[in-house]
Amino acid sequence: MQKTPLEKASIFSQIFFSWTKPILWKGYRQRLELSDIYQIHPGDSADNLSERLEREWDREVATSKKNPKLINALKRCFFWKFLFYGILLYLGEVTKAVQPLLLGRIIASYDRDNEHERSIAYYLAIGLCLLFVVRMLLLHPAIFGLHHIGMQMRIAMFSLIYKKTLKLSSKVLDKISTGQLVSLLSNNLNKFDEGLALAHFVWIAPLQVLLLMGLLWDLLQASAFCGLGFLIILSLFQARLGRMMMKYKDKRAGKINERLVITSQIIENIQSVKAYCWENAMEKIIETIRETELKLTRKAAYVRYFNSSAFFFSGFFVVFLSIVPHLLLDGISLRKIFTTISFSIVLRMAVTRQFPWAVQTWYDSLGVINKIQEFLQKEEYKSLEYNLTTTEVAMENVSASWDEGIGEFFEKAKLEVNGGNISNEDPSAFFSNFSLHVAPVLRNINFKIEKGQLLAIAGSTGAGKTSLLMMIMGELEPSAGKIKHSGRISFSPQVSWIMPGTIKENIVFGVSYDQYRYLSVIKACQLEEDISKFPEKDNTVLGEGGITLSGGQRARISLARAVYKDADLYLLDSPFSYLDLFTEKEIFESCVCKLMANKTRILVTSKVEQLKKADKVLILHEGSCYFYGTFSELEDQRPEFSSHLIGFDHFNAERRNSIITETLRRCSIDSDPSAVRNEVKNKSFKQVADFTEKRKSSIINPRKSSRKFSLMQKSQPQMSGIEEEDMPAEQGERKLSLVPESEQGEASLPRSNFLNTGPTFQGRRRQSVLNLMTRTSISQGSNAFATRNASVRKMSVNSYSNSSFDLDIYNRRLSQDSILEVSEEINEEDLKECFLDDTDSQSPTTTWNTYLRFLTAHKNFIFILVFCLVIFFVEVAASSAWLWIIKRNAPAINMTSNENVSEVSDTLSVIVTHTSFYYVFYIYVGVADSLLALGIFRGLPLVHSLISVSKVLHKKMLHAILHAPMSTFNTMRAGRILNRFSKDTAILDDILPLSIFDLTQLVLIVIGAITVVSLLEPYIFLATVPVIVAFILLRSYFLHTSQQLKQLESKARSPIFAHLITSLKGLWTLRAFGRQPYFETLFHKALNLHTANWFLYLSTLRWFQMTIEMIFVIFFIAVSFISIATSGAGEEKVGIVLTLAMNIMNTLQWAVNASIDVDSLMRSVSRIFRFIDLPVEELINENKNKEEQLSEVLIYENDYVKKTQVWPSGGQMTVKNLSANYIDGGNTVLENISFSLSPGQRVGLLGRTGSGKSTLLSAFLRLLSTQGDIQIDGVSWQTIPLQKWRKAFGVIPQKVFIFSGSIRKNLDPYGKWSDEELLKVTEEVGLKLIIDQFPGQLDFVLLDGGCVLSHGHKQLVCLARSVLSKAKILLLDEPSAHLDPITFQIIRKTLKHAFADCTVILSEHRLEAMLECQRFLVIEDNTVRQYDSIQKLVNEKSFFKQAISHSDRLKLFPLHRRNSSKRKSRPQISALQEETEEEVQDTRL
């Protein structure tokens, strides 16, 4: 970044912002990059600002312990500068009130009785022009200074909130949703940036009104208050319209949220949507919601339109009501008329715009400050103190809960019970109504391990394994008992966390660098081969969340980070997730057992082979210690431990049915305490009154729940995953929006708060920060492609040598040469690479083609043109009124002069005769009435048509996205796509229609005023032409740079929130490693990068505003002197010319800003058009109409063979020379694969992590760019439509897709099957008993991706879809990866019966799941080898033989089992299910 010229700029350059000219010229000539942006001033750096505010906040907390106020800390930091710029702003506003006085004196000097003052008219004109210059020199620096202070306040509070976030306790994090936190940083704090300039008008506007009313009293006496009274009534009317608009906005919020939730789910699971051929069904569902949303959008738009148009047309009535009473009583002069008009313009702005906006700004700002103040006082994390004298880790009778403390609970309970009129004397009331709060996650835990021992912790999902580790780290505070441990802790989380940076930086993580230790850890964690394949080895830069890595690679890097740190205690929470058998066994042996042999280790695992090698085994069951001791003691004392470990005693229907009790605990109550109490007390599915009978929603079963139910107030719908309080309309109205353009994976997508589609309960699953920390957000589907497109940075490449583990890597003395501290200073180039951004490279300005496509997108374009002409004629009628006044006023002047009317009290020309007065009065009233009739309603068709255009564009974009090839989604993030449906669609719905209307109206007002001025004084037209030309050239010159600066600001905005989300996901790791200062530095760097862009944008914008005003001042000087020099004795002509010139000056400047805003908003339209123009997959058979497509069955008649045959009939599959890549022309991921499958054959697909198993299944469905040929029952995929081909397959994907909607819709979105058929299939797959428990059964609405269902139940839903499809080929992608044994047995049973005649292709890591397969395909090096039996496979592939356990080998080789039958039998121990990331997501930690 370049050094800012502001530091060396002169006072003149700073006042006129001419120091920005170099960047403006550079942006006009070429494309700007981040390197072209100027460095920030040290006073604007996040470090300095946050330090100042933090110091003052700490002082406030120390001095006001009971009730510290954040606003007091802000005052001490920014008050005096804020006051100084407020005074400048007031002085600038005062000049507006003085200008009409000089205008009146100029008009008066042209009266025939004041000819002696004619000579001073030029001096008065010079004074009037000087007032414009003074106003310009006062207002623009004041506005810029206030924007600057607002920016500094936002930065300081940004940093303060981030620092506080890193200190929050886990209990607090469990109560705060990610959306609330991001909304606090984005929507709320943005109000300071530009809103602060309006804050002073809360006192400036009243003073302005007092001054103006005093001056108007001097002119019109009491009649002046008539106009003021009208303005006050108008303000109240606008306030009423504002409340109506908020009502429509609130109603619309639910529909917008519903649409975005389903849209995000579709985008997130687009591969499943295409595999199921659900594109048309999903499009119909979303368009139905969109129709209801647009009805409310139109109502809100009409109200906003009337609110806006009322301001434009109020000017006539203010002048009319002020002048007419005075005219009727005393008569009036033209000087008074024109002076009153000028005063009324200023008065109208102060009363109807400035003061209400200022009040709203203070209301919003104080609300935000109170929110932040409350946030800063929340409970902080307290690290567990350790005893250096002890050498062991021990727990004595430890209990803990993620809920509130017992004391807090009873205080709240008493308050709630008293509020509900329940007797305090009944102690059972507490436990019957509030049992949810006190259920501990851990109870009476006792164990002790000595230094150097390995403790293995096992248990079922939700047993409390991770909570136990959190308690050792201090994240969970024990409610009873004692914990002892010594020294430093290293931690490997179950959800692998990757920070933005190189692979080496992720592993070293700020610890002193030792090459020998580093290489040893790399080898032990099986990372050598993976790193060697990266283009820059371990210096490859990893993006957000490790998006360029596979799940297994992320898990191994996360483990390597923990192992590299020299600690006294290592906490390893299920570190082997998503690892294949061979890799898992090697890492456990070489790393956990050998490399860390002398360290104290606590390993969470459920593998029996690993339990055997542990020194001690601790088995948890429902939060209690089920067993503690050695493994041999476990076999002797608890031979049935395997079933307890898994969490299911029996596989009978009753036990399977009780699973629903567990899965229904995943909602948090979102209502008032009384609702909570009634919900718990009744223990029933209570519905609200206005439910319809067709749709049901989520339920809450609170019985026996050990999960957290938090009492929360209702929040607004969450938008774009990060906004829970503000709607997109509000977002679009701000010039600055810190909502990230590219959100991070799944965490960025909106979570379902509620769906107003029918019955709903007052419950929802809250996406808390703690949930975010215990889940993964990176889709596994695009790993292979993303790896090949990793952003890299060139650094020195380490040589990897074969390191032995003979030496203890932790006890070596490090030489000075080998120590390398990770620097706290982060280079901006590194920052750009760490936070990968896919922002489009758009042209600096919106092209005319975009405008043309936008206006012609709807058939009502001709009506838009007609109404534009109506607008023009109305403006001409308004301007013509002034000419009528002039023409009819001349006879009146002569009449009063000749008749020497005695009633005249002054010497000025006065309208007093009945003829002249009534004539002019009727003309004015007639013109005003026509303006009211034509003006107020003239824009409605325009607004209506533009909203219809938005509807058409949304429909086209949705269709294009759903039918785009998968290669589009492999190169585009889900967050970017969702932004088009949320942010950009909101702009089209809410802001763009009224912005276009305002711009059209302002331009025509200016044209009308210029026309009148030119007719009166033709010489003025000569001065108007160069002004208009200068305006057009200056606008074009500025737009080239400003739009690029906005793009750069948007790019710089994303890393701020990406870093926040990254920090939240890895917060436990950050605390365990003590790297909070490093991440604060990284956050400040991201803030500074954004500040540099935003400050430069504000500076260039202010330069543009000042330059325009300078041009207008020159124009007004020319108009003034031309009119004075050529007017002779006509005061009326001078008055009209100067009044309209002032009006032109204000209106044209407004129009310039409006044109820039419209151009900026049209960029959203341009982005939508680029999505509409996306390439389309092979088109569906166009000969069929839409109804036939929607109702089409999943079995097709083969038009290519015989009409009487059904295709597919057998399921025979032949693959010939199949090659595949993710994008056209990209690297080949599968090459020349050929094999054939017989009908009904079961085939197992094997391979290491990332070998391409899922890729091959995707290639079968034509989801990739493929070459070669596949035939099913003799029909080639090249001769059949794409959707027909896909419907030949039944699919159970690795990533389960449940969209928000009824169970019926999730099973049969096309509505083809009857209830009897659907219930029969659900019973067949084991879902019937669960569905029967839901109110409404098939009509029960699943929210938030089916949060009330376990992952196993979701798999069964997918299985039911496949059964309904009647497909002949079934593809299963890792179906047992996340399943409990019950669900796995159900799937195996269903495969035997429902798919007995089908060809089954099963992709699995575990050999146990493949025992029933007849053939096997092993993927190695992008090719496939076939094996006829698993025995042959194990014999030829030695690493498979090494990876499987002894018990599995007994299953695979029955001959070996018979030969060893004489040996002493031992209790059979089945392999324990490995916990995975998806299961952890379902636990409440």
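Cβ from N, Cα, C; glycine included.
Checked against Swiss-Prot, the residues ASN48, ASN387, ASN802, ASN900 yield a single entry marked N-linked glycosylation site: ASN900. Just one residue in ASN682, ASN894, ASN1217, ASN1232 has N-linked glycosylation site written against it in Swiss-Prot, and it is ASN894. Both SER119 and LYS955 are recorded by Swiss-Prot, but within differently named topological domains on opposite sides of the membrane. Across the topological domain 'Cytoplasmic' (1-78), the DSSP tally of helix, strand and coil residues reads 55 helix, 2 strand, 21 coil. Across the topological domain 'Cytoplasmic' (1040-1100), DSSP classifies residues as 58 helix, 0 strand, 3 coil. According to DSSP, SER1254 (ATP 2 binding site) sits within a helical segment. In this structure, ARG1248 is the one among the binding-site residues TYR1222, ARG1248, GLY1252, SER1254 with the smallest number of other Cβ atoms inside 10 Å of its Cβ. DSSP assigns ARG1248 (ATP 2 binding site) to coil in the three-state reduction, placing it in neither a helix nor a strand. Summarised as a single figure, the pLDDT of the topological domain 'Extracellular' (218-223) averages 80. As a summary of secondary structure, the topological domain 'Cytoplasmic' (945-995) carries 45 helix, 0 strand, 6 coil according to DSSP.
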